[in-house]
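A.B. asks: Following this message is one structure expressed as structure tokens.
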Amino acid sequence: MELIMRNMFQSLGKSRSANRLAKKYGLRFGAARFVAGETIAQSIAAVRSLNQSGRVATLDHLGEFVFSEEEALESAAMCLQTLDAIAESHVTSNLSLKMTSLGLDISKELCMQSMRRILDRAKQYGNFVRIDMEDYAHCQVSLDIYRELRQEYDNVGIVIQAYLYRTEQDIADLGAIGANLRLVKGAYKESPSVAFPEKSDVDKNYVNIIQKHLLGGHYTAVASHDKAIIDFTKDFVKQHGISNDQFEFQMLYGICDDLQNQLVKEGYRVRVYVPYGVDWFGYFMRRLAERPANVWFVLKNMFK
Ligand code: FDA
């Protein structure tokens with residue numbers, strides 16, 4: 001049953017018509033638990049409140065299914081506006097983005113041009129930009145672009161997914177260029193030909209890459225709500241004398257709030273991923289797919 005629901009949410013998240021419909025009707029079905037709002041002002045207010053509780057943030061302007069150059073440039077403009085808003089409001093947040101929203105599926109050049117504009121603006125503010133990792137089809141091109149940009153910018157990082165077989169090699173290659181990485185389990189539906197189908201194997205690989213990147217002396221964001229992974233990281237850094245400045249924990253907006261606050265109290269840096277925008281549906285579906293139990297929460301909100 002859980003697998004059926006997981007597949008259903010993953011497919012719905014990829015449906016262009018469902019995404020378009022959702023965009024028209026605004027945040028629904030309790031999506032506001034996971035999405036900070038539809039406007040920049042709402043997202044900045046959410047970040048301010050997180051900052052007040054000692055957490056930092058990474059803001060993501062949601063945008064999926066970008067197929068025209070015009071939409072891609074609009075998306076890039078929103079990233080620039082988000083960086084401006086962070087600077088103007090003096091909140092503590094960096095920026096996360098998806099390169100498909102910048103037109104990666106239209107042309108690599110278009111995407112690179114926007115990435116350079118965004119990274120220049122971030123640099124001007126002393127800020128940092130994280131490239132989210134999308135599905136496997138975009139993995140190699142995302143890493144190629146990252147490597148190219150990394151030669152010009154030191155304020156850019158990327159995400160690596162523990163569920164991919166290729167990840168161990170990627171960690172070694174990216175370690176060699178001192179990459180700042182966010183390590184995650186992986187959120188997309190992938191074929192067993194490229195990704196571990198068993199959760200236990202994903203978890204094992206996750207622990208493996210956390211150790212490798214930390215021991216390499218590189219900045220590591222452990223982005224997970226999994227208590228066992230978090231406890232492992234805490235023990236590992238203690239055992240190896242790794243400073244709290246070399247890593248951070250990251251979690252998603254609206255998930256495991258108590259754990260986020262607990263980690264702050266213990267003295268760890270906690271960054272919350274704060275998505276916002278009208279294009280909330282695909283993101284919301286991925287969150288439901290990760291934890292089908294969330295569907296009860298959706299149903300409750302539908303009948304409220
Ligand atoms: P796991 O799925 O094992 O969950 C552990 C526990 O966390 C669950 O038992 C539950 O208590 C809680 N939990 C997890 N997900 C929940 C949810 N949706 N609702 C409620 N509770 C939940 N992926 C990707 O492919 N590319 C990316 O760029 C990113 N970026 C990213 C940034 C940040 C800050 C985070 C935290 C995660 C991502 N991810 C991601 C998503 C990631 O790949 C993964 O799908 C989710 O984090 C869920 O996996 P966990 O590590 O939390 O463990």
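Just so you know, glycine gets a Cβ as well, placed from its N, Cα and C.
A TrEMBL annotation is a machine prediction, not a hand-curated record.
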A.B. asks: Out of LYS123, LYS199, LYS234, which one does TrEMBL list together with MET133, GLN161, LYS185, GLY186, ALA187, SER224, HIS225 for FAD?
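C.D. replies: TrEMBL lists MET133, GLN161, LYS185, GLY186, ALA187, SER224, HIS225 binding FAD, and from LYS123, LYS199, LYS234 it also lists LYS199.
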A.B. asks: Would you count the other C-beta atoms found within 10 angstroms of the C-beta of LYS98 (substrate binding site) for me?
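C.D. replies: There are 22 such Cβ atoms around LYS98 (substrate binding site).
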A.B. asks: Compile a sequence-ordered list of residues in the same chain as ARG287 (substrate binding site), six or more apart from it, whose Cβ lies below 8 A from its Cβ; state 'none' when nothing qualifies.
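C.D. replies: Expected: PHE34, LEU252, ILE255, ASN294.
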A.B. asks: Mind computing the max CA-CA distance among LYS98, ARG286, ARG287, which the record assigns to substrate binding, rounded to whole Å?
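C.D. replies: Spelled out: the longest distance between any two Cα atoms in LYS98, ARG286, ARG287 is 16 Å.
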A.B. asks: Sorry to bug you, but what's the C-alpha spacing from GLY186 (FAD binding site) to LYS98 (substrate binding site), rounded to the closest Å?
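C.D. replies: LYS98 (substrate binding site) to GLY186 (FAD binding site), Cα-Cα distance: 14 Å.
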A.B. asks: Just checking, which of GLN161, SER224 (binding-site residues) has the fewest C-beta atoms within 10 Å of its C-beta?
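C.D. replies: Lowest Cβ count within 10 Å among the binding-site residues (GLN161, SER224) is SER224.
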